[in-house]
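Trainee: My structure is below; once you've seen it, I'll send some questions.
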């Protein structure tokens, strides 16, 4: 007597029958579809973006912060281009503008490794060699800033190692001057006297350098040099137009593939000489910074080859066939460009670096599906009660396709749930990964089964014809009655289930894991902090992080005292400051235009006076402002008028605040303040800021009158530099205090309304969005997982046990986040949503096998599920873990942290699905009665389809 589950559907039977009868045609049709998507992918022109816009939400939640964020970046860009203003004006007059202005600037920082002075002959010669070798590269003249007023050659470094430059130790021939002359050079060019530094040493030498060598000799521990890249690039009209495209071209075409590799090689040589070399760009949205980060991203993606190699080798080890391994590996790989093609079809043009993680993730998910199908195929071929091979294949296909559909739906929907995030990069990651999972599912139920049939029919015995002998009936019966089990299957069937026979073993495990769930959730609820932090690009010790840190801390010209500024803007509609309609959420353009406040009139003495009063009153609030430090353009305007022999108090010179003379005065103050760590304040006229760059969009009158200008003031606040030092509630409390000042001012002066901006407020808004979207995303994932489990198993008991196991995985991941010091930020929110989709896979496979087992007792059904699915689950875990482990040595923090999350989730899921879920089914799973029906938990409307038993003698 043999009982079997008849759980096949007509739809899967139809597809399976077509694949069985026409495997070659199936592979051809699948390949045509793949090629179609590859053609779309190649023609989409998707562009990689590292622009900050990719971390902005697409709703109105951060429009105030976005305006300030862009303005801040624009002002930083002003400093980068300050030295080329006069040349730009001359070039514009002559009509010759190609690469005669500064597009971006590359900085080099040399650090003494052991704190010893860098004023040694060998070290100075090495630092000069680094600069000269790079300047001499064949590609550099195609990107350098050109000297339009001279012979049209490249501008060299601004450096103390430049030949015959003021303060340099090298003569016109590039030879180092005698050491006896060094003190004289320093005293005469680096210092005005024993206590005063010149602008040269302030800019190029560390802030701890002292001009007094009466006791100790001169000592330098840091040198800084910089080199300009020219703009506009060929084919562009101006550095102010198509800014993002020019910076991307610089980053893609030169920095990432030429400059960065050269300096990375120099870094290794420098270390041997006791010098640390750091390089990069200070403009966060510039081509140098973009190209530098991109070079590290490219290096990280090279680790993906290790991930792919590992997965392919494990497929080869498990499948014992080069052909099957190759077609399976091909199916996994092509799902990546297919998903990006769909992403492009949906109207997207930009790809953020988060989406590149899909390569590592799909490796494990895709291999897991392959193992599920192959194990189902192997087991179906051993069924002695079915003689027809097509019937066996139909059984195999139905069983595996249903199991893979459940896991693909839960994983795919979990990824799609992250798409509700208002953060474009996170949303794009979820969309791409969701489609990647379903593309892989499509290929694993079409391309791969057809390949297996072709292999079995034509290739398996091609090199071994003798192996294709007919298996006798006796051998078939013997193999089926007592099939040969592998080591993993034997462990599950004998060792593990031997433990489960002891009632105390399983129940103690259940008690332990239930207690663990409560403890983990309790600790996570009390310890996990919501910060809304952006994922840091690199670790604290990474060379690029050190470069950014030293550029703002080691040199007085970069600002001696790090500050967390708060700015207040005037002249822009506080309720709707920017328009972003129709923009790609990951694109480089932050906004179409800024909306002008029609009631604002900056030339009015009343408005200027109101802003001046706000500067004074807020600066006096010691809880919010450090040491009364305020940068107020009205005070600057007063000083400007005084210098011209005019009096602001006369109330008759207000219109001069928009004059070119005051614009030049602001520019001078900006450079001076930058050299001493001061902050920014100013007036922007007709969409133009202090120099020649623009905000990247036009100020719009909105039909409310003629455009005037907008302006802003800046305070050195008492807020911490690191955003994760404040919880979401603490951020909101400080924001409220600032807003109280602004509300009071706005109520009294409706024609001078201000809106505040601080980078921390962006994280506050993002944190609020993260809380809501994470809760919604987790809820969607859990609800959908519950629905899929209930529908797939037609039993609420087994579905409930599976959901309890998923909750246990979430609890363990949450505890891990607490232990590692993570917060619920951009990365944490993604992890908490995605964990559900990843955690459900192994449990679902056990669940599916348990549900369709013809055995009656809880123990027997659990034993069959463990024996049948154990090897597939272990193999899937090995490939997923092996693919994810290559994320751990990556430079990008998000990759590395997500790799840690993936590895931990896989380990937790594997352990809990085996030891917790199988213990639950052993003791509390539904049993099957002798008539074939389940003893409890059945859902009537689904029961007939899933639990029908046919009994016959074979």
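Glycine too: its Cβ is placed from the backbone N, Cα and C atoms.
The domain 'SSD' annotation in TrEMBL covers 324-454, 793-923. Annotation comment: TrEMBL describes 20-41, 293-315, 322-347, 353-374, 403-423, 429-455, 509-528, 769-791, 798-820, 826-848, 869-892, 898-920 as transmembrane segment.
Each of the listed features needs to be described in terms of its position in the shown structure.
Mentor: Beyond the transmembrane segment (20-41), the same-chain residues lying 6 or more positions past its ends with a Cβ under 8 Å from any Cβ of the stretch are 334, 337-338, 340-342, 344-345, 389-390, 393-394, 443, 446-447, 449-451, 453-454, 457.
When Cβ-Cβ distances below 8 Å are used as the criterion, the transmembrane segment (509-528) is approached by residues 807-808, 811-812, 814-815, 817-818, 822-824, 828, 912, 915-916, 919-920, 923 of the same chain, each at least six residues removed from its ends.
Beyond its flanks by at least six residues, the transmembrane segment (769-791) meets 57, 61, 406, 409-410, 413-414, 417-418, 420-423, 530, 532, 728, 798-799, 802-803, 806, 810, 824-826, 828-829, 832-833, 836-837, 840, 844, 847, 939, 942 of its own chain at Cβ-Cβ distances under 8 Å.
The list of residues near the transmembrane segment (826-848) in space but at least 6 beyond its ends in sequence, with Cβ under 8 angstroms from a Cβ of it, reads 55, 365, 368, 372, 399, 402-403, 406-407, 410-415, 417-418, 421, 423, 425-426, 429-430, 433, 528, 532-535, 766, 770, 773-774, 777-778, 781-782, 785, 789, 792-793, 798-799, 801-802, 805-806, 809-810, 813-814, 817, 865-866, 869, 872-873, 876-877, 894, 897-898, 901-902, 905-906, 908-910, 912-914, 917-918, 921.
With a cut-off of 8 Å between Cβ atoms, the residues of this chain six or more beyond the transmembrane segment (869-892) that come close are 296-297, 299-300, 303-304, 306-307, 310-311, 314-315, 318, 353, 357, 360-361, 363-365, 367-368, 371-372, 375, 486, 488-489, 491-492, 496, 537-538, 542, 841-842, 845-846, 848-849, 898-900, 902-903, 906-907, 909-910, 913-914.
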Trainee: Most CB pairs under 8 Å with the transmembrane segment (293-315): which of 322-347, 353-374, 403-423, 798-820, 898-920?
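Mentor: Most Cβ pairs under 8 Å with the transmembrane segment (293-315) come from 353-374.
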Trainee: Give, as a single whole number between 0 and 100, the mean pLDDT over the domain 'SSD' (793-923).
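Mentor: Over the domain 'SSD' (793-923), the predicted model scores a mean pLDDT of 88.
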Trainee: Taking 322-347, 353-374, 403-423, 798-820 as candidates, which has the most Cβ pairs under 8 Å with the transmembrane segment (429-455)?
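Mentor: Top-ranked stretch among 322-347, 353-374, 403-423, 798-820: 322-347.
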Trainee: Quick test of the contact rule: Cβ under 8 Å, at least six residues beyond the ends. What residues does that give for the transmembrane segment (403-423)?
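Mentor: Sequence-remote neighbours of the transmembrane segment (403-423) are 55-59, 61, 365, 368-369, 372-373, 376, 429-431, 433-435, 437-438, 440-441, 444-445, 766, 769-770, 773, 776-778, 780-781, 784-785, 788-789, 792, 826, 829-830, 833-838, 840-841, 844-845, 848-849.
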Trainee: Any residues 6+ beyond the ends of the transmembrane segment (798-820) with a Cβ under 8 Å from its own?
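Mentor: Sequence-distant neighbours of the transmembrane segment (798-820): 513, 516-517, 519-521, 523-524, 527-528, 778, 782, 785-786, 789-790, 828, 831-832, 835-836, 839-840, 843-844, 847, 850-851, 900-901, 904-905, 908-909, 912-913, 916-917, 920-921, 924-926, 937.
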